[in-house]
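Asks: Can you keep this structure in mind? I'll have questions shortly.
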Amino acid sequence: MKILLKKGRILDPSSGLDFVGDLLIEDGNIRGVERDIELSEKNITMLDCQGKLIFPGLVDMHVHLREPGEEWKEDIESGTRAALYGGVLRVACMPNTKPVNDSPEVTSYILKRAKEKAWVTVYPISAITKGQEGKELSEFGRLKKAGAIAVSDDGKWVANSALMKRALLYAKNFDLPVISHCEDPFLSFKGQINEGKISAKLGLKGIPSSAETIAVIRDLLLAKETETSVHLAHLSVKENIPFLKWAKEEGIPFTAETCPHYFTLTEKEVEGYNTLAKVNPPLRTEEDIYAIKNALKEGYIEVIASDHAPHSPLEKEVEFELASFGMLGLQFLLPLSFNLVREGVLSELKLLEYMITNPSKILRVTPPSFKEGALAEVIVFDPEEEWKVTEEIIQSKSKNTPLLGKTLKGKVKMIILQKTIYRADT
Ligand code: DOR
Ligand code: ZN
């Protein structure tokens, strides 16, 4: 069974390929990429890709699938369907489920459910500490054996520095990546939105940038001391950047991530007490957006992930202070990130590096690629097509995004996953 994609712009960050040509898939595997593949056989599915980009599936290392325990918001089936439509063919899911994924039993359960009903590959991330309580380390060796790809207390920072240091050393033994949610809980206590003029105007308690940067600095120091890499999740403020630069110059092992909302939306979105724009870390300012883009350009931040965080009306259609933090991300990841290419911040290949090869390297998995023999994980993307964000288009169970009603540019048209062709067009 052969599928031939014709005349698209082929981009593969694993091999640096960037040219207009054809891609051949045979029996679910990549057979070849060339300027022109002519086949005389009859039994071929031909897909015209003129004007489209063809690249490997994205790897999103920061996703909340909510299963087990909060399936009214999302589950592994609906979350991975949203991923598929977003061009994301592998997701790493955070452990703040109910119960918390801090045991081999929960990790295996997630993998079992993924096997039964996931549309894309699911990599479970287990908790650093039991119950994500920041008191006692979970059992990294047993978690890894059960299939944990990394550890994180995402949603919370491991505020006890001695414990975090031990976590880094312990994780190193098992070659498990450690992902840190950088937020000093004392500084952000009861905070709702970015601390500044808007928080003052709205009468909401602010989350200062120092809550994030203090955590970043501590984690970098611990990474240096333990000679163990730390991955800094969803960075949002400009104050981090000089420290990231310093850490790169010092040769400190670390990687850093941001999310499309931190280089697209500002704190102004929460005016009118819009809970759909309530997220943690909070949306910041134009200056922060400028600095985050610059950090991406300089390579101080080298991963873009969605932090897809579904919540239902039960958690969002409430008073601002009572609303949960988080917004959807999977189906907006590509169109919003592509603005970086349009603005000249990153080239197409660099952007794909940040969304395919870099996260794969951090998670120690072979990235999706167009190397001969690789599994077919292929996205056909139209960078020019505009589409409106509606509840109907959203594949997640939850619809919580401040982008509802807005028009985005760049649309996933087709997904080829092994032998199946999905048309995301309709
Ligand atoms: O906004 C957020 N939502 N930030 C987090 O760190 C956690 C996430 C969630 O689980 O909803
Ligand atoms: Zn987080």
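Yeah, the Cβs are placed from backbone N, Cα and C, and that goes for glycine too.
For reference, TrEMBL lists these features for the protein:
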type     : residues                                                   : note
DOMAIN   : 51-240                                                     : domain 'Dihydroorotase catalytic'
BINDING  : His62, His64, Asp154, Asp307                               : Zn(2+) 1 binding site
BINDING  : His64, Leu65, Arg66, Asn96, Asn280, His311, Phe325, Gly326 : substrate binding site
BINDING  : Asp154, His181, His234                                     : Zn(2+) 2 binding site
ACT_SITE : Asp307                                                     : active site
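Situate these features within the shown structure.
Replies: Over the domain 'Dihydroorotase catalytic' (51-240), the average per-residue pLDDT in this prediction is 98.
Listed in sequence order, His62, Met94, Pro95, Asn96, Ile125, Ile179, His181, Ala233 are the same-chain residues six or more apart from Asp154 (Zn(2+) 1 binding site) with CB atoms under 8 A from its CB.
In the three-state DSSP reading, Arg66 (substrate binding site) counts as coil. With a cut-off of 8 Å between CB atoms and residues at least 6 apart in sequence, the same chain places Lys73, Glu74, Asp75, Gly79, Thr97, Pro310 near Arg66 (substrate binding site), listed in sequence order.
Reduced to three states, the DSSP call for Asp307 (Zn(2+) 1 binding site) is coil. Here the Cβ of Asp307 (Zn(2+) 1 binding site) has 29 other Cβ atoms within 10 Å, regardless of which shown protein chain they belong to.
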Asks: Between the Cα atoms of His311 (substrate binding site) and His64 (Zn(2+) 1 binding site), find the distance and write it as a whole number of Å.
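Replies: On Cα coordinates alone, these residues lie 10 Å apart.
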Asks: For ligand 1, pick out the binding-site residues His62, Leu65, Arg66 that have a CB under 6 angstroms away from one of its atoms.
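Replies: Checking each Cβ against ligand 1, none of them comes under 6 Å.
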Asks: I'd like to know which of the binding-site residues listed (His62, His64, Leu65, Asp154, His181, Gly326) lie near ligand 2, counting only a CB under 6 Å away.
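Replies: Near the molecule: Asp154, His181.
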Asks: Consider the binding-site residues Asn280, Phe325, Gly326 and say which one has the Cα lying nearest the Cα of His64 (Zn(2+) 1 binding site).
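Replies: Nearest by Cα distance to His64 (Zn(2+) 1 binding site): Gly326.
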Asks: What is the separation, in Å, between the Cα atoms of His234 (Zn(2+) 2 binding site) and Asp307 (Zn(2+) 1 binding site)?
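Replies: Rounded to the nearest whole number, the Cα-Cα distance is 7 Å.
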Asks: Measuring CB to CB from Asn280 (substrate binding site), give everything in the same chain under 8 Å that is also at least six residues away in sequence.
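Replies: When sequence neighbours closer than 6 are ignored, Asn280 (substrate binding site) has Gly155, Glu183, Ile207, Phe325, Gly326 within Cβ distance under 8 Å.
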Asks: What number of additional C-beta atoms lies within 10 angstroms of the C-beta atom of His311 (substrate binding site)?
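Replies: His311 (substrate binding site) is surrounded by 26 other Cβ atoms within 10 Å.
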